[in-house]
Amino acid sequence: MALLHSGRVLPGIAAAFHPGLAAAASARASSWWTHVEMGPPDPILGVTEAFKRDTNSKKMNLGVGAYRDDNGKPYVLPSVRKAEAQIAAKNLDKEYLPIGGLAEFCKASAELALGENSEVLKSGRFVTVQTISGTGALRIGASFLQRFFKFSRDVFLPKPTWGNHTPIFRDAGMQLQGYRYYDPKTCGFDFTGAVEDISKIPEQSVLLLHACAHNPTGVDPRPEQWKEIATVVKKRNLFAFFDMAYQGFASGDGDKDAWAVRHFIEQGINVCLCQSYAKNMGLYGERVGAFTMVCKDADEAKRVESQLKILIRPMYSNPPLNGARIAAAILNTPDLRKQWLQEVKVMADRIIGMRTQLVSNLKKEGSTHNWQHITDQIGMFCFTGLKPEQVERLIKEFSIYMTKDGRISVAGVTSSNVGYLAHAIHQVTK
């Protein structure tokens with residue numbers, strides 16, 4: 001009460017005795033964020049939420065970007081389980097990793113991407129840092145470009161591209177441009193359009209390329225097309241920014257999936273590269289990735305590494321430990337690595353097999369459309385060519401969920417539901 005009598009009344013105490021003051025204080029406290037608008041829902045998560053609410057026993061979720069086994073269940077690779085057991089038996093500590101991550105993981109990641117006999121590795125003219133999966137690698141790379149790529153702020157993305165590419169580069173301060181990639185008429189690669197657009201990109205700009213299993217289309221250039229693209233990139237003196245989220249998971253052969261990256265480097269094109277172990281090791285929730293910059297020489301690589309660490313420090317200080325240990329154990333233990341490569345091929349082959357079965361079942365349904373693009377495309381995702389109104393019918397009439405652009409995750413297709421999917425697609429396209 002002394003405070004009240006003194007005339008020096010604290011606001012909170014005064015509000016307790018005067019309801020009007022309390023209301024005013026409450027209004028002031030709640031007024032900071034009244035201008036913040038509700039953000040749009042994530043299109044992929046929206047598909048999943050609608051799927052969960054559906055009670056149809058035949059419902060299918062073809063929107064999820066994660067591998068499923070032939071029973072439609074999440075799959076933990078046996079090689080991952082073995083690696084976890086080996087790590088647990090060592091009773092290791094939980095100390096912080098260095099800013100750049102687990103050294104043995106970074107070295108093995110670079111070898112996996114560039115090849116064990118790569119000249120880049122032998123000369124030491126590269127730097128690899130551990131990142132928070134592929135998304136983190138992209139953001140680190142984009143932030144480095146924003147700070148040090150003095151030639152241009154423009155980054156050219158394929159049309160279409162993974163939805164997260166746009167906000168990652170935009171939020172890092174880069175200017176977004178595009179180049180033709182997908183041809184809706186053929187549901188394939190618009191090679192002529194892509195080369196024409198790339199050849200007109202201003203010199204010393206950044207060009208984003210999907211190394212393999214293009215997301216969302218599943219459409220990849222053939223090796224001879226990659227060669228022509230590399231020739232144009234070199235002629236225009238463009239900086240090639242590779243996103244490789246599916247090495248091994250696309251074709252079942254890690255070397256084949258990394259061919260484009262290695263070819264560009266062999267042609268004297270210095271690139272940067274983002275890797276993810278979410279798909280090819282099934283380490284989705286562990287957030288395991290890497291960012292590699294190929295440099296002019298070892299001295300330049302050391303300077304780039306120092307600046308990458310300066311970028312990482314205020315973002316998240318250092319990367320997670322557990323997933324990197326798992327990936328490193330698999331990559332650096334010969335028997336585990338051999339087992340893992342076999343398991344990756346099994347996953348890739350299952351997806352390839354589902355594509356073939358889907359086309360076969362569409363023919364059995366009597367469909368007269370050309371569905372060859374389904375088997376021509378590669379990787380987890382398939383651009384079906386379905387129109388938005390056809391997708392809407394699939395959702396409403398058959399409880400088959402996918403994004404409005406007709407993209408499906410082939411990983412969600414199994415031998416037990418592929419016939420139902422083919423029947424439904426035929427019904428909405430005949």
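Here the Cβ of each residue, glycine as well, is placed from N, Cα and C on the backbone.
Now, the feature entries from Swiss-Prot:
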type    : residues                      : note
BINDING : GLY65, TRP162, ASN215, ARG407 : substrate binding site
MOD_RES : THR48                         : phosphothreonine
MOD_RES : LYS59                         : N6-acetyllysine
MOD_RES : LYS73                         : N6-succinyllysine
MOD_RES : LYS90                         : N6-succinyllysine
MOD_RES : LYS107                        : N6-acetyllysine
MOD_RES : LYS122                        : N6-acetyllysine
MOD_RES : LYS227                        : N6-succinyllysine
MOD_RES : LYS279                        : N6-(pyridoxal phosphate)lysine
MOD_RES : LYS296                        : N6-acetyllysine
MOD_RES : LYS302                        : N6-acetyllysine
MOD_RES : LYS309                        : N6-acetyllysine
MOD_RES : LYS338                        : N6-acetyllysine
TRANSIT : 1-29                          : transit peptide
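Considering only the binding-site residues GLY65, TRP162, ARG407, the residue whose Cα is spatially closest to the Cα of LYS338 (N6-acetyllysine) is GLY65. Same-chain neighbours of the substrate site beyond GLY65, TRP162, ASN215, ARG407, judged by a C-beta within 8 angstroms of the site's C-beta center, are, in sequence order, GLY163, PRO216, MET380, PHE381, SER409.
Sorting the recorded positions LYS59, LYS107, LYS302, ARG407 by the number of other Cβ atoms within 10 Å puts ARG407 first. Of all the recorded positions in the record (GLY65, LYS90, LYS122, TRP162, ARG407), the one with the smallest CA separation from the residue listed as 'N6-(pyridoxal phosphate)lysine' is GLY65. Here LYS309 (N6-acetyllysine) comes close to ILE99, GLY100, VAL129: these same-chain residues lie at least six apart in sequence, with C-beta atoms under 8 angstroms from its C-beta.
If you take the Cα of TRP162 (substrate binding site) and the Cα of LYS73 (N6-succinyllysine), they are about 24 angstrom apart, rounded to a whole number.
Counting other C-beta atoms within 10 Å of each candidate's C-beta, the modified residues LYS90, LYS227, LYS279, LYS296, LYS338 are led by LYS279. Taking a C-beta cut-off of under 8 Å and a sequence gap of six or more, THR48 (phosphothreonine) has these contacts in its own chain: ASN61, GLY63, VAL64, TYR401.
Counting in whole angstrom, LYS90 (N6-succinyllysine) lies 44 from LYS59 (N6-acetyllysine) by their C-alpha atoms.
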